[in-house]
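According to TrEMBL, the protein has these features:
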BINDING   191  Mg(2+) binding site
SITE      192  site 'Important for substrate specificity'
ACT_SITE  221  active site, proton acceptor
REGION    497-518  region 'Disordered'
C-alpha cells in the first residue's frame, strides 16, 4: 500500500510488517512522459567487471539498525547509487555547484568529486561553480569547473567557490537557474543551507522545470540528523587533538596549571566529546546538552580544586555553546542572529577562563596558571584527512548518481554505513545532539572521572525527556522517537524561524502521489 502526504516533500510508502519508506521526489512525480536513456556506465570500462553495479529499484536502507524480532521493520530510505536508466543525455547536462555557510574540511573534495564524477562517469562537460554562496546566483560571476581546474583542490582547505551566509532570494535564484539553462544544482551546506535548497526545489517544481536539486550536508559540528556523521567531523576531532595536547603540555609544565580549550559545537557537543575520548588528557568536558554550574558543592570550581590537589594540573574542554545560560547577565545581544539565522554566542571559553581566575584569586592558598586556547578557525580551515576524503568522494558520487537518475529534492547521506537519498524535510526537522542519558556520554564521564554536574532533579528530567537517537551512538539505548507516519510537520512549519523571508507557499500538485519509476 502506498500513500502520499499533502506536501510534495513527503512521499511515504507503507509495506508489510511495519515497513515505511520515506522516499524522495522524482521528476516523474510532476513531469509526464519523460524519456529515459541507458546509463553511460554500461560502457565504462572501469565498471565492466563490477557485479551488479546498478542499484535495484527496491533497495532501501533502514534508519534504525537495532531491532527486536517482533518489532516493526521501521523507517527506510532509498539506497543511493547508479540506476540502469538515466533521465539526462550527457551532452544536455548543465550542472552547477554552490557552497554556503561556514568553512569545513572537505568542501573542496566534494566539489572536486562532483565535477570528476559527472565528467568521468557520465561524460558531462558543462559544470559551473557559483561564486559566493546563494547570493552568487544573481550577484556574482560563475566559475567554469573542469577536472583539470579542480585536480588539486582537495589538498587545500576552504572552498575555491567562496561562501557566504544568507543572501537567499528564491525567485532570483530560480530565475538565474532558468536563464543559464542549468538542470542540475548541487548545494553543499548545513541545515540553513538545506532549508534554502528545499524552497528552491519547491519553486522549481512549481514552475514544472526539469531541474534536479541535490544537497550534500555540511556541518563540522555533526548536528545534522538521520546521517551517521557529517564530512569533516573526523578531521575536526583529529585536529582538536593538537590543541588539547598543547593545553596539556602547558598545564603539566607549571604548578597548578590549567589548560582551557574551546571547540566548535554551537548546539551539539560531538567534537568536544569525541576529542575528549580520543585524547585521554582531558579532566573535564563541558557540552551544550549537559548543564553545569560553577559555585557550591558539586560545582565546577570544587572539582577544579579537587583535581589540582590530586594531579597538580588539569585540562578543560568546553564546546562553544556550553554554559550560555550562565552568561545571560552579560549577553546584551543574546537575541541577535547571524545571516544564517544562528544565534550569536558569547565567547564561553574566555568567559569561563576569567571566572576560574577570579575564583582562585579570592583564595590565597591556591595560585593557578591558566592558558586559554581557541583553535576554531585553525580546525575549520584545514584540508580533510584521508577518512573524510573517501567519505566526501562517496557523498559526491551518490549525489551525481541520484541527479542523473531523475531524483530531486534530496540530500545524499550515510545511514548505517550505507549511502542513501534522504528527503530534505528529514534533514532540517531538528538538530542532532548528544544524548546525555546514553552510553557514550557515560563512557566520557568514566574516562575523565568528572561529575555530571546534574542535580538529581536535572537527571530525572533528562531521563524523562523524549530525546532523539544520536547517529554516532548505539541505537539500542536511545529513546524511540515514533514512527514516520506520526509526523505532521508541514513544509511551512519546517521553515518557521529560518532567515529566508522571501519564501512563498508551494502549490499543491494533483499528481504528487507515489509512482513506480521504471
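Start at 1 and count along the chain as shown; that gives each residue its number.
Using the three backbone atoms N, Cα and C, a Cβ is placed for every residue, glycine included.
Cβ packing within 10 Å was compared across the recorded positions 191, 221, and the lowest neighbour count falls to 191. A simple way to gauge crowding: the CB of residue 192 (site 'Important for substrate specificity') has 24 other CB atoms within 10 angstroms, across all the protein chains here. Rounded to a whole number, the distance between the Cα atoms of the residue listed as 'active site, proton acceptor' and residue 191 (Mg(2+) binding site) is 11 Å. Comparing residue 221 (active site, proton acceptor) with residue 192 (site 'Important for substrate specificity'), their Cα atoms are 14 Å apart once rounded.
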